[in-house]
Structures are given as C-alpha cells and as structure tokens.
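Engineer: For B:Glu47, B:His610, the entry in TrEMBL reads Mg(2+) binding site. Per TrEMBL, Ni(2+) binding site is recorded for B:Cys66, B:Cys69, B:Cys604. Positions annotated as Fe cation binding site by TrEMBL: B:Cys69, B:Cys607. Summarising the annotation, TrEMBL assigns region 'Disordered' to B:100-121.
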Amino acid sequence: MTEELIFMTSNAEKTGNVMPLLHQIRHALSQLIERQEQTTIDLRRLPLSASEEAQLEAFLGHGEVKADIQALGDTVLIESRYAGVWLEIHYNEDVEIMGKYVHICTCPPIIKSQPEDMVLSLSNIVSDIHSLSHQSSDETAKED
Amino acid sequence: MEKTSSNNRLVVDPITRIEGHLRIEAEMDGNTIKQAFSSGTSVRGIELILQGRDPRDAWAFAQRICGVCTLVHGMASVRAVEDAIRKAWRSNAKLGVAIGKPSMTSMPKGPMQHGKKGHRQSRTPIGVLSEAEMAIPQNAQLIRNIMIATQYVHDHVMHFYHLHALDWVDVVSALDADPTRTAALAGQLSDYPRSSPGYFKDMKQKVKTLVESGQLGIFSNAYWGHPGYKLPPEVNLMALAHYLDALTWQRDVVKVHTIFGGKNPHPNFVVGGVPSPINLNASTGINTRRLVQLQDAITQMKSFVDQVYYPDIVAIAGYYKEWGTRGEGLGNFLTYGDLPMTSMDDPGSFLFPRGAILGRDLSKVHDVDLDDPSEIQEFVSSSWYRYSGGNTSGLHPFNGQTTLEYTGPKPPYKHLNTGAEYSWLKSPRWKGHAMEVGPLARVLMMYAKKDAAAQDIVNRSLSILDLEPSALFSTLGRTLARAVETKIVVNQLQSWYDQLLDNIAKGDTDTFNPLYFDPTNWPIKGQGVGVMEAPRGALGHWLVMQNGKIENYQCVVPTTWNAGPRDPNSQAGAYEAALQDKHTLHDPDQPLEILRTLHSFDPCLACAVHVMDETGEERLRLKVR
Amino acid sequence: MALPTLNKQLQASGISRRTFLKFCATTASLLALPQSAVADLATALGNARRPSVIWLPFQECTGCTEAILRSHAPTLESLIFDHISLDYQHTIMAAAGEQAEDARRAAMKAHKGQYLLLVDGSVPMGNPGYSTISGMSNVDMLRESAKDAAGIIAIGTCASFGGIPKANPNPTGAVAVSDIITDKPIVNISGCPPLPIAITAVLVHYLTFKRFPDLDALQRPLAFFGETIHDRCYRRPFFEQRKFAKSFDDEGAKNGWCLFELGCKGPETFNACATVKWNQGTSFPIESGHPCLGCSEPDFWDKGSFYQALGPWERYKSKPGKGAQKHAGKNS
C-alpha cells in the first residue's frame with residue numbers, strides 16, 4: 001500500500017480477523033442446520049478496522065429480508081445473501097451505533113412481537129374499538 | 001441545621017445544588033439575618049501540588065480545580081504560561097537580546113525534536129521575535145473563544161434549570177397545572193416547537209408518577225408548598241418540562257468541547273494553541289464532518305437560549321419582582337475581561353471589558369492592573385492559613401503564600417468560631433475593596449461602557465418586567481444578568497465560527513505556535529498572569545516559573561471573590577453582604593430565601609478552595625488504620 | 001410499601017418490551033456478557049426494584065457528577081437513573097442543610113443493608129477539618145454511611161485511588177475509599193472523569209445480578225478496564241509503522257498519526273475511551289489530537305510530564321500473533 005493511501009484513511013489497519021470470523025459464521029450455520037443451535041456474534045467485542053467491517057458486510061451482502069425497527073433510535077435487520085445469517089445494527093436516537101451483531105438463526109429475537117407488548121396492545125385495541133363505536137354512534141345520532 | 005440553638009444562630013450546611021462544600025452560619029434577629037458568615041469547608045491543595053511541575057502540564061492540574069466550569073481553569077492556566085513566556089520575549093526584544101539558551105540541564109526535555117517552526121532554531125538562539133512570531137494563531141484564538149462561549153451557554157442554562165430553578169419552581173404545584181393552558185402560555189412566550197398540550201400532558205404524568213411513587217429522590221425533603229413559591233401551576237409545569245429538556249439539550253451542546261478537546265468534562269488544552277489540528281480531508285481532528293457538527297451545536301444553543309432559557313427567566317422573574325430589591329450586597333463590581341477579538345494582550349478587543357465599578361456608580365469604570373502589587377491582594381485574617389509576615393496585611397498573588405493552618409473547631413462541630421478564622425477561602429480585595437464578580441459585574445461593565453447590544457437587551461428586559469435599572473443590584477438582577485449575557489454570547493458564537501471557516505477557506509490551518517511549547521525558548525525566570533471571565537466571574541492564575549518549572553502558582557477565583565470571608569477591616573464578602581440585605585426568613589427551618597440569594601451567585605466551591613501552600617511537614621503524613 | 005419494578009416503570013413511560021430488549025442487548029455487549037444472557041438479563045432487570053442510592057461527595061471537583069449528567073443514549077439510561085432512588089446527591093438535590101442530612105439518614109435507616117453507596121472525591125486523613133459536611137469530617141461520614149451499605153461504587157480516580165489531591169506532595173493526606181473501608185464490596189470506576197456508561201453498566205449489572213461484575217486487580221470492572229487505550233486505538237497502525245506526530249499541527253498531526261512521541265499514555269492506560277468514546281460517541285482525546293493523559297491509572301499525576309514519551313517504541317510494538325487474536329477469543 002502506498003503512503004498516499006494511508007494518508008487517506010486512518011483505518012488502514014488489518015487485524016486479520018475477517019477470515020476467522022467468516023469461518024466461525026460458516027461453522028455456526030452448520031450447527032443451526034444440524035442442531036437448531038443459534039449463535040450471536042457481537043462485532044463490538046471484536047477488533048475490526050472500518051475497512052474490514054466494510055469487507056465483511058460486502059461479503060455477507062443483502063438477501064431477501066430487510067427490517068427497520070423504531071425503538072428509541074432505529075434498529076436495522078438484514079438477512080444476508082446466506083439464509084440464516086443476519087446482520088443486526090442498533091442505533092440510538094443520535095444515530096450512533098450502539099451495537100452490531102451477526103445472528104445465525106431462523107429469526108432474530110428482536111423482530112418477534114413481545115408478550116408484554118401484546119398484552120398492552122390487547123387493552124389498547126379494546127379501548128380503541130370502544131371509542132370508535134362511540135364515535136360512529138355519535139355520528140349516527142347527529143344524522144338523526 | 002442547628003436552628004437558633006445558641007445565640008440565635010442559623011446554620012445551613014450543606015448548601016446543595018452548588019459545586020463543592022459551602023456552609024452558611026447566620027446570626028438572627030428574630031427571623032431576619034443580622035450577620036451572615038460564609039465558609040468553604042473542604043480543601044485539596046492543588047496550588048501546592050502544582051509547584052515544581054512542568055508549566056505545560058499545569059493546565060491539567062488546574063482544570064481539576066473544578067469539573068463544572070470545566071474548561072476555565074485549563075484555559076487560564078495555558079494563558080498564564082503563555083503570558084509569562086511572551087513577557088520575557090518582549091522584554092528581551094526591547095533590550096535587543098535574543099532568546100533561546102544553550103541547553104540547560106534543569107530544563108524538562110521537550111518531546112519535539114524537530115517541531116515545524118522551531119526545529120533548527122530550538123538549539124541555538126532563535127533571535128528577537130516579532131509580534132507576529134509571538135502570536136497565538138488566530139484559529140486557536142477563535143477555537144478557544146468558541147469553547148469558552150459554549151461553556152457560558154452550557155453553564156448558565158444548566159445553572160438556572162438544575163441548580164437554581166427549584167428555588168423558584170414548586171415541583172408539587174405542577175400537578176395542578178392544566179396542560180392545555182400551559183401550552184397556550186408557553187406559546188405566548190416563544191415559538192419553541194415542543195410547546196404542545198400533549199408534551200405538557202406527558203410531563204405532568206412524569207411528575208405525577210414520581211410524586212406518587214413516594215420516592216422523590218433528588219426532589220425529596222425540599223420546601224414544596226412554602227409560601228415563598230409564587231408561580232401559578234402552569235408556569236411551574238412549563239419550567240419543569242424545560243428542566244428535563246435542558247438535561248437532554250446540554251448533552252449535545254458539550255460536544256463542541258469534545259470535538260476540540262476530546263471529552264467533557266475536562267477537555268484537553270495545549271500551551272501555544274489548541275491540540276486539534278485542522279485538515280478538512282482527514283478522518284481525524286477538525287474536518288468537514290466536525291465543522292457540520294459544530295454548526296449544528298451552535299444553532300441548537302442559539303435556539304434554546306432564544307426560545308426557552310431567556311423567555312423562561314423573564315416570565316418567572318415577573319412573579320418575583322420583590323427580589324429585585326433584596327440581596328444586593330456590595331455594590332462593587334470587578335471584571336478582568338475576556339473573549340478577545342484579537343489577542344489576550346489587547347483588552348480593548350474583548351467582548352467582556354475589563355474594569356471596576358464602585359458604589360453602584362456606572363458613570364465611572366476604573367482601570368484594573370493585574371500586575372500591580374497594590375491592586376489585587378488576598379487576605380487571610382478570617383481564613384485557616386498563615387502568612388509569614390502576619391495575617392493582617394494582604395499579598396499580591398505573585399507573592400502569594402498560603403500556609404495551611406486549621407484553627408477551626410474539631411469535627412464534629414456545631415458552630416464555627418466566626419469571630420476568628422472560619423473558612424478555607426481567602427478574602428481577595430481590589431484596592432482594599434470587597435468586590436462582586438460574575439454575570440452581573442460583566443453586564444454592568446458592558447452597560448457602563450455603553451455596549452450597544454448589552455444596553456439593548458438589558459433595557460428591553462427591564463421594560464418587559466417594568467423594572468428600573470436599580471433592580472439589577474439584587475438577587476433577581478444577578479439571575480437576569482446571567483440570561484442577558486448568555487444571549488450576548490450566543491449571538492457572538494456564530495461570528496467566530498464563520499471567521500474560522502473563512503480562515504480555513506483561505507488555506508490558513510495554523511492552530512499551534514510551537515515556539516511556546518519548546519522549553520529551550522523559555523526564560524530562566526519569568527512570571528505571567530492568565531485571566532479569563534469564567535461563567536461565575538473574574539478568574540486569574542498567577543504563575544512564577546524558573547528553570548523550566550513552576551515556582552509559585554496562585555489562583556484567585558470567582559467564588560473566592562464572592563464567597564470569601566471578612567477581611568482585617570471586617571468588610572464582609574459578597575455572599576455575606578448580600579445575605580445581610582433584607583433577608584427575613586418565613587421559616588428558619590426552610591431557609592429558601594438564603595438559597596435563592598446564594599444560588600443567584602452560582603457558587604462553585606471547589607474552585608474557591610483550591611489553595612494551600614508550603615509543605616505540611618510530617619503532621620500531614622497520612623495515617624490509615 | 002413495595003417499590004415499583006423497572007417493568008412497571010417502563011410500561012408507565014410507554015417504553016416497549018422490544019425497546020427494552022434492545023437496551024439489554026447493547027448493555028450486555030458493554031458488560032462483555034454473552035448475548036445468550038440477554039433474555040435472562042431482561043427478566044432479572046425488569047423485575048428489579050428501585051434501589052436506594054446515597055452519593056457522598058468528598059474532595060472532589062464535581063466533574064464526575066457532570067460526566068453522569070452527560071450520559072448518552074438519554075432516554076433509556078436516564079430511565080435507569082430514574083429507576084434508582086438517588087436519596088442524597090449534593091449537586092442536584094433540592095433539599096439543603098438539615099433536610100439534606102435527614103434524607104441521608106432516613107435512607108440509611110429505611111434501606112439498611114440494601115442501599116448502594118456512591119462516592120466521588122478522596123478523603124483527607126491529614127486533619128479532619130480539611131473537609132467537612134455539616135460539621136462532620138469526610139472520614140466519619142464515609143464510615144457512618146458505609147456501615148449499612150450493600151456495596152460501594154468509587155466514582156472517579158480520586159475516590160478510586162486518591163487522584164489529584166493525593167498527587168505529590170499530597171498536602172491533605174488524601175486517600176482512596178478502599179484505604180478506609182475494607183469490609184464491603186467496592187468497585188472502582190476510575191477516570192478523571194470516568195466514562196459515564198461504565199457507571200450505568202455497573203448499576204445495571206448490580207440491579208440485575210445483585211452483585212458487582214468481574215473486576216481487575218485494581219477492583220475496576222474488567223469489561224471496561226480489560227484493555228488499554230492503545231489496544232483499541234484507531235491510530236495504532238501508525239504506531240506500528242512508526243509514523244508519529246511530532247508537534248500539534250505538523251503534517252503528522254494533521255494526518256492523524258500516532259501521538260506516542262507527544263507523550264501519549266495510551267499503551268499503559270486501561271480504559272474504554274477508544275471504543276466507547278466521549279459525549280455520545282463524539283470523540284476521545286486522541287481523536288481530537290491530544291495524547292492520552294492516562295487518567296484512569298493510579299498516581300497518573302506523578303508519572304512525569306504528560307508530554308514526555310513513555311519510552312522506546314520497541315517496548316510497546318505488538319508482538320506477532322498477539323493482540324487481535326487475544327480479543328477474538330473472547331467472543332466465542
């Protein structure tokens with residue numbers, strides 16, 4: 001690499017962690033298939049330079065699913081071009097990355113509706129239906 | 001509080017919602033304060049720790065004097081070192097003597113073996129320097145101004161909402177507020193976009209949850225329901241909402257310090273300029289992304305001050321006009337001046353002028369000389385220190401000596417001996433006068449010097465409140481002046497940023513003058529003073545350096561001016577005098593009135609009690625069992 | 001009265017379970033807990049009741065409190081702070097004087113053996129009069145408040161190691177909390193100031209597991225103090241290539257080269273500034289162009305000039321096969 005290139009990016013570091021990581025993902029995927037065993041790899045705990053992170057993301061690519069979750073800042077879920085391998089990125093409200101994970105699973109847990117939220121939703125839907133029916137009966141009354 | 005236990009003495013300790021450890025004892029006549037005594041009750045001895053250090057390191061030590069006004073001591077320290085070096089260069093230039101000496105063994109070794117400007121010259125005399133060669137680069141000055149101004153805006157807003165507002169705002173009363181009416185009220189005051197009924201409804205719910213939980217946490221045991229609280233529930237709710245908003249807002253604003261100094265609290269500085277290099281295309285230092293972030297922060301500061309802080313102050317002040325006639329105190333005001341448009345050697349270019357006002361007389365602003373040994377002096381007749389020449393005469397900070405000598409009662413104690421020594425603070429005086437420093441002093445100084453922007457904002461604020469200018473000399477006046485100067489500073493911020501951008505566009509990316517940083521360019525002996533207007537008032541660091549090391553280091557800080565004890569002539573300090581001005585307590589068990597006046601000064605005690613000198617000898621050896 | 005659980009409070013604040021799970025996931029990675037622990041963490045933390053916290057300020061500058069006020073990810077972290085009952089904190093509490101002391105004693109009594117004690121600032125042993133609150137010496141107040149505490153968190157380098165008051169010649173005989181209290185679990189979260197997220201994370205850990213996280217030999221949480229600034233510094237490749245800034249705005253500085261020769265103490269400083277960064281991830285000292293002062297290490301004030309290089313480059317250059325590998329091992 002030339003000097004000029006190093007000037008342009010201070011993230012020229014090569015930790016050499018990309019290949020071992022890809023092998024870990026491959027192994028985890030086979031575990032998932034054989035034993036339904038899920039794996040999560042926390043990318044924040046692993047030294048990767050910015051260019052290596054980009055390399056990893058480019059390798060994984062985008063598959064069929066992309067989900068956006070708004071939960072005090074965005075969370076982005078991407079199924080990679082390899083089914084069963086997901087990239088998950090948590091942002092906070094300042095669009096700062098709070099966490100970055102590779103999940104090897106059929107469906108990352110955060111995408112599922114949570115029982116606690118569903119209980120609350122049930123009571124909300126009851127009261128919303130209730131007020132809607134009142135509203136429409138009010139309107140009917142007005143028309144009369 | 002040992003209320004009226006003996007000889008009608010009221011004690012408030014700790015004074016909370018301030019920085020550091022402050023105790024007030026008051027002699028009462030019924031419920032009225034007759035004599036007030038202000039005591040700083042904690043000492044660390046940072047000046048002593050500074051002795052013998054490399055002057056380039058001093059800022060980091062000095063900065064730890066205080067983590068609230070977190071950059072002011074670092075800034076004053078860097079300026080003091082630069083002033084000492086520059087003074088020596090100048091006097092050498094006058095004599096035609098070249099500076100730079102053959103290597104001295106006692107000099108600290110500089111890390112720069114081949115600095116940009118000083119490389120070859122650093123080993124041989126660098127010649128007589130021109131003023132241009134001595135200059136701190138303009139970009140560094142601008143960045144320093146932007147950092148200082150950010151500190152002002154951040155500190156003043158935080159002070160009001162988080163340290164002062166609860167003296168005026170009743171948390172519990174907010175529960176009676178009507179969110180819709182609150183939104184209407186807020187809408188009249190400003191076009192702050194969050195002022196909707198839903199926003200205030202959520203806020204009310206938050207307060208309700210807290211109160212009903214039974215665990216009030218930081219809001220517990222306060223004086224809620226005290227008849228001194230005059231705000232309607234809607235104003236209380238609005239102010240509380242802004243208390244929480246300010247908490248979020250300030251996190252973003254301090255990023256300005258993080259960008260230039262790497263973190264906040266305690267951002268980094270460097271003697272000779274600023275540590276952050278400018279390179280628009282680099283991924284580090286000041287680059288395009290950083291400049292965008294800075295502009296965002298500046299915009300955010302301005303809108304919060306214009307839409308929230310200033311309108312709140314004026315609105316709340318309207319309910320407390322009687323506080324425009326109490327808590328004046330000294331009527332003497334002092335400023336060192338700050339925020340240079342050119343350099344620190346050119347006080348005429350300062351946004352905040354330097355000067356002194358005596359006895360409320362705004363028609364005469366006296367000149368202040370920081371180096372004149374007869375002007376600024378510190379006395380210790382009421383302090384736990386000993387002067388070798390006796391405790392009745394004062395010492396200029398260049399000759400300052402402050403040997404620790406605790407003569408107070410042995411803890412645990414109920415009362416201090418206020419007839420003798422009673423504080424870790426000294427008593428600074430200007431030409432023998434006790435002086436008040438801080439936002440009110442600065443606003444009065446600008447007003448007296450007929451600064452158009454200041455006069456305009458002051459007059460407008462007074463006319464909204466239907467108050468005479470004399471109302472400025474009061475507890476209310478101090479709190480109003482703080483908001484007024486925040487408006488002045490926040491308006492100036494943008495122009496410094498624009499200037500910085502202009503310079504960069506012209507290709508000027510200098511941020512550092514390495515001549516200051518290279519010890520081989522330093523005088524064998526020199527002394528300098530670094531001043532600044534800290535948010536709480538005039539701050540000065542006086543430094544004597546010899547053979548590349550700190551010989552003596554003295555800080556005279558705003559809260560020492562304001563919170564210091566009586567001097568040998570029994571003149572009270574600013575806090576003491578202010579508390580003696582018409583303070584009748586509704587209920588001495590709930591000394592709300594004392595807190596209002598003290599907080600109007602924005603006390604910062606760690607700053608004030610940093611002093612201590614000379615070795616403590618064996619008796620200070622630590623004993624841990 | 002049964003105090004509300006965090007779950008209750010979350011619901012009242014309109015925070016969804018999913019959002020909470022996200023918080024738990026990111027907190028788990030901060031605490032170096034395996035992601036498989038997230039579900040357990042969420043359950044335990046959600047059911048945690050509001051703990052009483054007493055915060056004692058001794059020889060301090062309030063920088064540590066200010067640091068916490070700047071905690072990032074406002075909403076969720078402030079929720080944690082809302083969730084603790086801060087029954088005594090000088091800088092922000094509304095009460096003063098006797099009422100403030102009453103609040104402290106009442107909390108100690110009501111939550112005997114349960115409350116957490118947070119301390120910032122060192123304690124002067126030279127003379128009890130060097131630092132008093134309400135007429136009481138710092139050391140007496142510390143002993144009195146520690147007696148019935150469940151555990152102590154020393155916040156900042158002063159409380160952890162003595163800090164600046166202890167710097168040579170230590171005029172007031174300042175000592176650390178752990179020099180005085182020896183019979184309670186103590187966590188040191190050093191730094192001048194400390195990273196606020198480290199404080200939050202330790203609180204979360206305590207709320208969840210009722211004990212402190214794993215600590216290093218200096219009683220600092222390993223998750224934040226397990227590696228040096230240098231280990232994780234983005235300028236490290238320049239260090240390895242011996243590309244150094246020699247001055248503050250020379251070409252090296254402008255291009256972000258390593259600050260080792262300007263005195264950077266990163267290679268000997270254990271802290272997480274390089275990864276967590278400051279003020280919502282904005283920057284950290286090295287990124288802004290200033291060498292690391294080493295502020296989370298004991299006696300960093302007395303280790304020579306901040307601008308003096310640590311020593312020969314060879315001593316700190318990475319050995320082949322070390323470094324990256326070591327970290328990678330932690331994840332599996």
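Backbone N, Cα and C define each Cβ position, glycine as well.
Describe each of these features in terms of where it is and what it packs against.
Structural biologist: The Cβ neighbour count for B:Cys66 (Ni(2+) binding site), using a 10 Å radius and every protein chain shown, is 32.
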Engineer: Under 8 Å Cβ-Cβ to chain C, which of the binding-site residues B:Glu47, B:Cys66, B:Cys69?
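Structural biologist: The binding-site residues close to chain C are B:Cys66.
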Engineer: Fewest neighbouring Cβ atoms within 10 Å: which of the binding-site residues B:Glu47, B:Cys69?
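Structural biologist: Looking at the binding-site residues B:Glu47, B:Cys69, the Cβ with the fewest others within 10 Å is that of B:Glu47.
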Engineer: Using DSSP with the three-state reduction, classify B:Cys69 (Ni(2+) binding site) as helix, strand or coil.
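Structural biologist: The three-state answer is coil.
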